[in-house]
Amino acid sequence: MSCARITVTLPYRSAKTSIQRGITHYPALIRPRFSACTPLASAMPLSSTPLINGDNSQRKNTRQHMEESSSKRREYLLEETTRKLQRNDTESVEKLKLIDNIQQLGIGYYFEDAINAVLRSPFSTGEEDLFTAALRFRLLRHNGIEISPEIFLKFKDERGKFDESDTLGLLSLYEASNLGVAGEEILEEAMEFAEARLRRSLSEPAAPLHGEVAQALDVPRHLRMARLEARRFIEQYGKQSDHDGDLLELAILDYNQVQAQHQSELTEIIRWWKELGLVDKLSFGRDRPLECFLWTVGLLPEPKYSSVRIELAKAISILLVIDDIFDTYGEMDDLILFTDAIRRWDLEAMEGLPEYMKICYMALYNTTNEVCYKVLRDTGRIVLLNLKSTWIDMIEGFMEEAKWFNGGSAPKLEEYIENGVSTAGAYMAFAHIFFLIGEGVTHQNSQLFTQKPYPKVFSAAGRILRLWDDLGTAKEEQERGDLASCVQLFMKEKSLTEEEARSRILEEIKGLWRDLNGELVYNKNLPLSIIKVALNMARASQVVYKHDQDTYFSSVDNYVDALFFTQ
């Protein structure tokens, strides 16, 4: 989670922090419309109010009436959709398609109980075709429900091949295979077969489902960031001749309402950031609250996590400036003092710091303690030790990177990745989210943030973040003179070309996704809410950093505009 940095002559630089790279300005909260995104049409968009004639009182009353009308309509649509999910006379495959559309439109959080009831109910597999079997498999695993991949064996012929002519079935199979777990050879073979056939179909002008196939091969459904996918699919779904008008209307109303909520959250974050005044005092620091907020929406797309997004965006914004101290400004002796002060975590430790470090230390100290107070107030839990441990771990990681650069020696590949997960901000983010959400927290699992190794679900997501970060910014790192990146270290240790190193890293990411898929279905030690956050971190990483050229800044700027400012 990293942002762009100013150019300064340095004694050393460390690897950048990954929760942070991008938006260069925010002169006003509401920006011009983003031309690459089609505005969402709705009978009554909640994110913009039409001009109303009359005095302020009349306008206020009219606006209130419109909002009440929209709210009533929304409640009606929610009830109608719930009834459709609960109807006994609807074929199972139609319910699966409905669930798939609901979740892709970004409104699945309204129907979690009804969706789980459908997915856990008996399903007749006698006449099931490949499309339906793969859809059912994907939906079950996506929602954390166990299902065996052996259901696909019956679709193989005597040569062990699937039907190459069934494009719809192969597309569904390919999407399902992306939820495979390590050791599931059936799904690995299915992915290889389906991907090869689907890629060949793209060269056939009259091939069916050309657009859907191209999208799936670019980024499979399971790997897409929820809110961006909701926006994209709302526009696509409305063009389908058989779309459900009520479902589309509900999705648009909800999207506009969530966008208005995000704008309100951004207003609070930017107000806090300006009052904090950190970058006013530290002119070298990056000023990126908008992008920090984008990451929180990627990790926590559900509206109910509003306060968690706000607190996490604050933490990431401060982390960004600390990264700049280590990466572009601080002298080695000062960094040693700062690291020691973070370990001590008291105000007395701040006294020995240089002036420019004191304000940053105080901002971190106060903001973290405020989060701890809110958790104590809301849940009765004392979590300072847990949060503090992840901050100390991260700052020590920055210090380690500084030593690598200052000493002129590159680390080993595994050493770099393991340290880079921490300096990427992954564990700090998970700790804040886990305790701020507060679901399923026990004494036993709360200790997972005070000792190493961290849980596999967190380290796998963090490794994906680090690997995608390095893939997306390798050119920038090389030009900046960084001693280490995953690409460079793969090339050095494995004697690979840059292209070969990138391919190896992509294979590594695939393997880590299999680990995450296993955690989604089989991890019983952590609540599903935090496991989903881990998968969302991996998704957001790919969305932000996956590109063929160094186009990070424009892409992140586009995402911010599309999600928060384009109606």
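Cβ atoms are placed via backbone N, Cα and C, with glycine included.
Residues annotated as transit peptide in Swiss-Prot: 1-63. Annotation comment: Swiss-Prot describes 48-75 as region 'Disordered'. Marked as compositional bias 'Basic and acidic residues' by Swiss-Prot: 64-75. Positions annotated as (2E)-geranyl diphosphate binding site by Swiss-Prot: Arg286, Asp323, Asp327, Arg466, Asp469. The Mn(2+) 2 binding site annotation in Swiss-Prot covers Asp323, Asp327, and the record cites similarity to another entry as its basis. Annotated motif 'DDXXD motif' per Swiss-Prot: 323-327, in sequence order. Residues or ranges marked as Mn(2+) 1 binding site by Swiss-Prot on the basis of similarity to another entry: Asp323, Asp327. According to Swiss-Prot, the Mn(2+) 3 binding site annotation covers Asp469, Thr473, Glu477, on the basis of similarity to another entry.
Distance from the CA of Thr473 (Mn(2+) 3 binding site) to the CA of Arg286 ((2E)-geranyl diphosphate binding site) is 17 Å.
DSSP gives Arg466 ((2E)-geranyl diphosphate binding site) a helix state.
The distance from the Cα of Arg466 ((2E)-geranyl diphosphate binding site) to the Cα of Thr473 (Mn(2+) 3 binding site) comes to 11 Å.
Of the recorded residues, Thr473 (Mn(2+) 3 binding site) and Asp323 ((2E)-geranyl diphosphate binding site) place their C-alpha atoms 16 Å from one another.
Taken together, the residues of the motif 'DDXXD motif' (323-327) have an average pLDDT of 92. Counting every protein chain shown, 28 other Cβ atoms lie within 10 Å of the Cβ of Asp323 ((2E)-geranyl diphosphate binding site). DSSP assigns Arg286 ((2E)-geranyl diphosphate binding site) to coil, not to a helix or a strand.
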